[in-house]
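To keep things clear, I will list the structure first and then write my remarks on it.
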Amino acid sequence: MSETYAGKALDFLKKFNLQEGDTIELTKNGLILKGIIMPSYSSSDDILVIKLDNGYNIGISVDSISEVKLIKRGEKREEKKTEEKAVKDKSEVIIISTGGTIVSKIEYDTGAVRPALTTEEILKFMPEINEIAKIDAKVLFSILSENMKPEYWIKIANEVKNALDKGAKGVVVAHGTDTMAYTASALAFSLKSLTGPVVMVGSQRSSDRPSSDAPINLLTSVLVAKDAPFAEVTVNMHGESSDTYTLVHRGVKVRKMHTSRRDAFQSVNDIPLAKVYYRERKIEILRDDYIRKKDANEVDAKFDPNVFLLKYYPGLSPDIIDYLMNKGVKGIIVEGTGLGHTSSEFYNAFKKATKDGIFVGMTSQCLFGRVNMNVYTTGRLLQEAGVVPLEDMLPETALVKLMWVLAHETDLDKVKELMLTNFVGEINPIHVPEMYPRWYHDRIRLQ
Amino acid sequence: MTELDYSKLGLKVGLEIHQQLNTSHKLFCNCDTSLNETFHASLERYLRPSFSELGEVDIAALFEWQKGKKYVYKLPKNSCLVECDEEPPHLINEEALGIVTAIALSLHSTLVDEVYVMRKTVIDGSNTSGFQRTAIIALGGYIEVDGNKIGIQTIALEEDASRKISDNKDEIVYNLDRLGVPLIEISTAPDIHTPEQAEKVAFAIGQLLRMTGKVKRGIGTIRQDLNVSIQGGVKTEIKGVQRLELVPEIIRNEARRQYELLKIKEELTQRRGVTKELILENYKPTDLTSIFASTNSRLVKKELEKGALVYGVKIPKFRGIFGWELMKNRRFGTEVADYVRVLSGLGGLFHSDELPNYGISKEEVDKVKKALNVSEEDAFVLVVGDKARLQLALDTIRDRILHALEGIPKETRAALEDGTTKFMRPQPGSARMYPETDIPPRKIDSKIIELAKNFMPEKPEIKLKKFMDLGLSKELATAMLNSTKIDLFEELVNKYSPKVSPSVIASVLEVNLKYVKSKGGDISIITDDVLEYMIKLLYEDKISKDSIPEILLEYSLTKEDINKLVEKYSKISDEQLEKIVDQVIQENIRIIEEKGDKAFNVIMGKVMSKVRGKVEGKKVAEIISKRMKNYPRS
């Protein structure tokens, strides 16, 4: 019986012994309509969704149907099982899929998008990848980016190591975009030594549409995984709204800065490692301080999830710190105002927390720029209370780093030391004026 | 050619009328629906077909993709991230939904209970997303035209595409201003049986749409697509008929084309015994470049200098077929050449029925015939180009020729200005439609029905009476009712009457424009804005109504700045007129003394020659009679 119908429409289907996929002929208002019963995605329970011969879907209220007859029983759709094949040994680039819409297939009747990342499917989708590298693909899991968890990061990190250990030149990790930057940081801290690039990639327009950014992002990612000289965790996404080039960002310095644009991912307080021209299939290296390839892969993936990211706002009560301490939180990253502040009312709360061995680190909700807690009295006061300024680290990067550090160290001084150690470029000691976006006020003003 | 007997032929025509709605903002975003050609940025994109669950790519989509074009989008003020395909669509525009609902109700259609927006794959770049968003709002219904009920199949609401700015081999440039403007699409059943009836039905639907007062006016705001078939033929889609008057001619031509193609099939299969196998056995493309090494054909020479090759192929028992006329200016050879142009990117082909010609000599033709072993009853085809394209072209020719044995290929054709049509692309399959998952379904609830009441088109007979009540003669009221400018008329009446009488406004829109056209003026430059400007000047008493036909004629002929032109015709004051009259009287005082009242006509003529267009004749006559009284009579 139907899984997507409920209430009146379900009663109607039961009464006439109908189900999704059946071709029916119904009479409404004297008009005879023929079509296939589709799964419902209506918010009303009286609506039957019908696909007409011309491909259109329409919603018909069962209350308005005067006659209905079955024309043809629908065939049970067999969900084709995509066989999980062992990763081949001789692949140059291995694509690990974790979910998201980067390469997904549309169910044309329901419009549902499902991941499709077998090697065959990818190559069918983008035959030109063959011209770049021998690839192999593995669907590790298929979860929406917002449902990602630290335990999955560990699995991805191990899978990346396996792939590189098998001789792949590089690895591509397909991931939903919402939390991709968190995963990138987690992998960056976990993969202590790499023999090749790890390229995380996603898409902002799902691959079921002709305008998807997925093909270009995926193709350039395979190219980077195979040919780039660096061995670090990166994110490769569209560099601008046009289909011209992608940017390879350092995983710990990248942030999704727009809800929907193709070029949502941008390096913050940093410049990208490389620019990749899609048509020309050319990688342009933008800096030479990248992490070099090592002889072996080493993974150290452990995370303590007992942390909290606290965004300060005017009026926030310090009681929250007590609450967090009671909940067993071992570390807090504060996203403070400006140079790294909360109200001075937090002094006592932070003092109590740090005394208790809880790490409190300060980042800025400005995102751009470095925190500096020496300029104003409040900053100095908070430092006195034990709050550690975390340079120019992004709040999310600092949070993931703290999870990783706390899984390795419990001593507060050691934690502090590790948090301020620049492991993979998460701290940029030098900011130049160009590391800040400018908005095009003049272009759009009074046209 | 003699006219065909359409009822014997079993002619069936269905119409698809697309009309832009005049809503305050676009269908899925908050940008306005105006046209705009000032750009502040541009984008470069590529599209590729997505694969359906069956792993099949839609044929029409694939075809566009093979062309591998770059699409450049120019961004005007009325475009946002939604048009750039950088932001998901907003909820469907309720005003548009209300207008379409009103139209559906007046066409006796049955509304769906819930609207589902679909994506129709279109990858010619005209939609940045690679699909057009479209939804069926109502089904069934009819429109009555001359006592015949013409069935309505579907009424859909969809987004308009981008406007093409330029198109060349490598890239197409589009303006995003039109993308997302709401369109209503009304599809009729194939209930139309003559070319003339099609025009009448299209007109009736257009008139009904205009009666809502909520549709856009002007070139390109309404487009007719035609689906034409005859008995034994196939439903051919003809896209983009912008002028209503062309509808019958296009249908006549298409009926003729299908009729002739069926005759060709009969000739080939019945009389000449041509089979698929025979064609394929003989289909051996041969490199004939050496024959043309020192050709006098400039066309061929130019290509050869670029390193092109000449290939030829024999088509057995095809003599005369390529030259067979299918419609005015189009032979079977033209059809095949269009396929070659569109599908392989070559300039076209030469065929034996037209050679020697184009600088290709008889000697060369004889050599070709010998090389290909072409006998009296055979035909041959020559193509010139680079190797990759030649291959594509030769495959295309083979497929099209084989289709001649079956009859008429399923295709989408483009309407041309001369009433003929040409091959545009193969017809899209059903794989191109899938749900727009970014937009939740929308119930047709009481709110939409209430909204629709504001847009219900009035019945023509009621409208006619209203116009006559405004003071229009029956003749003028009827003309206005049938005019595409009906809503401009109502808008202007609202703004400028009673000071400018409705009949004056109607005369400007209908009578004066016809006058300009009859004098050979280019009325396409007389936009709604120009017409409103005339009425506004009348309202402000700056010109006289008699001057309007002259101003419009001069403007349409010279295309001068309308503001400057108007100055020449600006109205003169009563005092100025009196002065002129006095002056003329003074100059002609002797005639007045001699002829007395009979001199009036002479004076009138002389004054009018000075003030024509700047003041009404009636007024001149009044002033002359008044002023003449001041002079002595004999």
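Every residue, even glycine, has its Cβ placed from backbone N, Cα and C.
According to TrEMBL, the feature domain 'GatD N-terminal' maps to A:19-71.
For A:93-286, the entry in TrEMBL reads domain 'L-asparaginase N-terminal'. Over the domain 'L-asparaginase N-terminal' (A:93-286) the predicted model carries a mean pLDDT of 91.
According to TrEMBL, the feature active site maps to A:THR101 (among others). Note on A:THR101 (active site): other Cβ atoms within 10 Å of its Cβ, all shown chains, come to 24.
The active site annotation in TrEMBL covers A:THR177 (among others). Counting every protein chain shown, the number of other Cβ atoms lying within 10 Å of the Cβ of A:THR177 (active site) is 22.
As annotated by TrEMBL, active site applies to A:ASP178 (among others). The Cβ of A:ASP178 (active site) lies under 8 Å from the Cβ of A:LEU144, A:SER145, A:GLU146, A:LYS256, each of which sits 6+ residues away along the same chain. DSSP assigns A:ASP178 (active site) to coil in the three-state reduction, outside any helix or strand.
TrEMBL lists A:LYS256 (among others) with the feature active site.
The domain 'Asparaginase/glutaminase C-terminal' annotation in TrEMBL covers A:306-419.
Residue environment of A:LYS256 (active site) contains 21 other Cβ atoms, counted within 10 Å of its Cβ in all protein chains. Separation of the C-alpha atoms of A:THR177 (active site) and A:THR101 (active site): 9 Å, rounded to the nearest whole number. For the recorded site, A:LYS256 (active site), the DSSP three-state label reads strand.
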